[in-house]
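Q: Found this in TrEMBL, in case it helps:
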BINDING   Tyr213, 225-229, 259-266, 356-358  FAD binding site
DOMAIN    1-127  domain 'Photolyase/cryptochrome alpha/beta'
SITE      Trp290  site 'Electron transfer via tryptophanyl radical'
SITE      Trp343  site 'Electron transfer via tryptophanyl radical'
SITE      Trp366  site 'Electron transfer via tryptophanyl radical'
Amino acid sequence: MIFRRDLRLADNTALALALEQSDAVIPSFICDPRQLEENPYRGDNAVQFLVESLEDLEEQLRQRRGRLFYFWGQADEVIEQVLSHVRIGALFVNRDYTPFARRRDEALQRACEARGVRFFSCADALLHEPEQVLKPDGSPYTMFTPFFKRSAQHPVHEPSAVPKGKFFLGEIASQTGGSLDRMLTTRSKSLFTPGGRAAGLKLIKGIASLGDYATDRNRPDIRGTSGLSAHHKFGTVSVRETYHATAKFFGESHPLLTELHWRDFFTHIGFHFPHVFGEAFHTKYAAIRWRADAASFERWCRGETGFPIVDAGMRQLNSSGWMHNRVRMIVASFLTKDLHIDWRLGERYFATRLIDYDPAVNNGNWQWSASVGCDAAPYFRIFNPWLQQKRFDPQAAYIKRWVPELKTLAAEEIHSLHRRPNLTPRGYPQPMVDHSIEAEIAKKMFKDLRA
């Protein structure tokens, strides 16, 4: 059994099947240098969350009289090495959906078949598989609302306990020691949430407090969301556990469940339309001439734009590895519609900072904000950062937390800095652009392309 983005024992589809069908299971994790060393989208924050989750998984296995074996290399090559030391009858994995993951598993399956090893790839990470939620004609949905209506018709399986079974306790000569230290040399103490199942289960218990989620989820100044995104990405808890915990408290119409379907939707889009990893879903938008402005991009990255809600979001991201979803939309809209900078630069920057970086979800959200993706925000609906912060951070509590230069100002003053520049404290920049002017430029960019 190779663990990947399923770092738990409970409700783990591939592990359950392996324990049921095997005399003994070898729990393993393969550190692939293509992801951990040679990857321009690699981020220390996500790797730290991964390492903490692996440490937690090690403890889960110890409690079941098992251990986690680490290997370094490409999965198909590692399996070849392991087979030279240990007799293996079957290999179990949970399915993944990005182009890289699919190529990796195809190579893994070929390596198994060449050595007479059965290969099992199980559905686990999503509510429903990409082949399950299709239009009547068999084609994939590209609009969320009809996708959601069809997806919601399928039942979501109840979470399952860890079945009885044994784990391999011997030695494997090709295992790699010190893998966690090699993956991560230093650790941040300020991340939004620690990795590991214990932390994930604590957040699941907190779902009970999300009765006002429909309104609170848009407020970055309060804790109104589940905070589970990184735990879903790395599978310390299953999406089924979150689904049924939410349904138990609030019923199956709770809006948090809709967000889980959005997660499925973007994953399905990436599966059916792999060109989105690097290109706009609508290829006509390849003709957009994004502005090449490295200095402005760096100011956006650092949170020094002079737009308080944008700066608060970017500083939260840089410090904690997480950003409130409403603010993610605001800063993405600002980069693409106010600064006219390529969404792919923002997508990659997020990837290198987020603890919950999920290629398909991050890509889908960036394309949505840039108005180049499927079911994207219309190009003429552009977030006004000043109105957004006044509506969703009315007392400027979120802004003051992350932009301490503005702590001495009243909320009303912070929300009107663009009209009253004399109020801007020393050390905080003036707005780097005029939103109303840049919004019109953005509309013209898209309108000219459509013409």
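Placement of Cβ uses the backbone N, Cα and C atoms for every residue, glycine included.
Remember, predicted model here, so these are calculated numbers, not experimental data.
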Q: Pop the Cα-Cα gap between Trp262 (FAD binding site) and Trp290 (site 'Electron transfer via tryptophanyl radical') into the table, whole Å please.
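A: Distance between the two Cα atoms comes out at 28 Å.
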Q: Of the recorded positions listed here (Tyr213, Glu259, Trp262, Tyr357, Trp366), which is spatially closest to Trp343 (site 'Electron transfer via tryptophanyl radical') when Cα positions are compared?
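A: Comparing Cα positions, the closest of these recorded positions turns out to be Trp366.
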Q: Using a 10 Å radius around each Cβ and all protein chains in view, which of these recorded positions has the most neighbours: Trp290, Tyr357?
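A: Counting Cβ neighbours within 10 Å, the top one is Tyr357.
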Q: Given the recorded positions Tyr213, Glu259, Trp262, Trp343, and counting only Cβ atoms in the protein chains shown, which has the most within 10 Å of its Cβ?
A: Trp343
Q: From the DSSP assignment alone, can you count helix, strand and coil residues within the domain 'Photolyase/cryptochrome alpha/beta' (1-127)?
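A: So the counts come to 58 helix, 21 strand, 48 coil.
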Q: Where's the emptiest Cβ shell within 10 Å among the recorded positions Gly227, Phe265, Trp366?
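A: Least crowded of the recorded positions Gly227, Phe265, Trp366, by Cβ count within 10 Å, is Gly227.
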Q: What Cα-Cα separation, expressed in whole Å, is found between Tyr357 (FAD binding site) and Trp366 (site 'Electron transfer via tryptophanyl radical')?
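A: Distance between the two Cα atoms comes out at 12 Å.
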Q: Could you round the CA separation between Trp366 (site 'Electron transfer via tryptophanyl radical') and Phe265 (FAD binding site) to a whole angstrom and send it over?
A: 14
Q: Any idea what the model's mean pLDDT is for the domain 'Photolyase/cryptochrome alpha/beta' (1-127)?
A: 97
